[in-house]
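These notes concern the structure reproduced below.
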Amino acid sequence: MTMHTNGEVKSNVFSRHNDGSDMTVLVVDDDPDILDLTSTFLEREKDGFSVITHADPTDAIEQVDQVDVDAIVSDYDMPSLNGLEFLEAIREDYKNIPFILFTGKGSEDIASEAISKGVTDYLEKQTGPEQYALLANRISNAVEQYHASETLKRSQQKFSKVVRNSTDVLGIVDKKGEFKYISPACENTLGYKQEELIGECAFDYMPPDDRQEAMNEFFAAIENPDRGPTVEFRFEDPDGGWTIVEARGENLFDDEFINGFVVNARDIGELKQRERELEQQNEQLQNMRKMLSHDLRSPVSVASESLFLYRDTENEKWLEKTETAVQRMDEILDKVATLSIDDTSITDTETVELRDIVSSVWDTIQTKGAQLHIQDSKKFEADPSRLKQIFENLIRNAIEHSTGEVIIKVGTTNEGIYVEDTGPGIAEDEHDDVFDSGYTTDPANTGFGLSIVKEIVVGHGWEISLIEGENGGARFEIDNIVFQPAVYN
């Protein structure tokens, strides 16, 4: 070993002794004969032992600073420094080098004090060569333990550097799920300091439904070390909230260094939020596609058929209907560019006249012989284009679900407006279901129209309900509309 000026110890023993090859042993004793005997017997007992001897402990300290020494064997009773004083001087710079007190002056007091000062082993001198075989074994064992300890320390330092800079939480739990170790990242990710979680059972921080799945995967991996489960669960934070965690586990109980179940965990709360947002966006796109398909179907049909009639008759009436239908399609496409079906907020409002809105809608619908009766009319604030969607869907719904000539009445109540038809009506137990997306009694339809109506109604701050009409048909009432006062000339 060599001493650096900053007080750190550099050891070269790993490059020379990991394979059990040569060891350098320093033996210190003020008796030259003992030194000679000890040196000779040790080198005979163990192949690869290289023994350096010193009679003066002071000189021996300088030797340790200059030569890579793997172990020190020292007598106790020496004139310049006794064995414990020599040990104390060595431990100032070399905290862990194996130091064996080999003395003929043994006592319980000396042994106790030697242990308190960090002696590696204590052995009383005996008579006969057998004592040197025992000493050689003690030296070998001490050096092997020292090497193992240093290897473990270096592994721990390397491990600590890796986990200290990782944003993931790295934990080691025992077979009961209790934390033996958890990395510093736990404070940022889970809200706890390391010392708050050591000894705690990880499963106690999970809600019951998550806990059972995590425990099943954990104990399955205990039984089968080749199983490396990945589990998602919620982990309770100090404030009672939940952190959504994804954890990957590996059974390393057979690893001498780890001896536990390693868990690599990360907070996936933001990832889950992004997934939900993407799902919502995809759903909105699907809804938009359905809305376009549904709302454009009628004006496209009117435009196509009116254009056919114009070409056949050259009657300007059909050309005007074509233009009206095309304008309506343009309105729908403009709205799609700025408003999704799931966005129920309505901001682009103006004063509208009920009669004008309903009449313009009637011109873009295939009426199939149906009759429109506008009972009365009032003015109120609404988004004209979105209001047209309401009437397009309600009127078309009445026409498509009726046979023969159907009469559609539109008018006002004290609370709002209504659309009533003379069709077959809708069963009372289905009145609430009709506004659900996908609800339809006709497989040829999308079942999307009335859900669009409800979205727009809610967006205006209104309410919609379905009741039975006077003649048994369907009556849709839209309430909470604030009408403008009538102006009399």
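If you go along the chain as it appears here, the first residue is 1 and each next one adds 1.
Any Cβ shown, glycine's included, is placed from N, Cα and C.
Confidence for the coiled coil (264-295), expressed as mean pLDDT, is 79. Marked as coiled coil by TrEMBL: 264-295.
Residues or ranges marked as domain 'PAS' in TrEMBL: 155-225.
The DSSP breakdown of the domain 'PAC' (229-280) into helical (H, G, I), extended (E, B) and coil residues amounts to 12 helix, 26 strand, 14 coil. The feature domain 'PAC' is assigned by TrEMBL to 229-280.
The annotation domain 'Histidine kinase' is assigned in TrEMBL to 291-484.
Annotation source TrEMBL lists 4-aspartylphosphate at ASP75. Taking a C-beta cut-off of under 8 angstroms and a sequence separation of 6 or more, ASP75 (4-aspartylphosphate) has the following same-chain neighbours: VAL28, ASP29, ASP30, ASP31, ILE34, GLY83, PHE102, THR103, GLY104.
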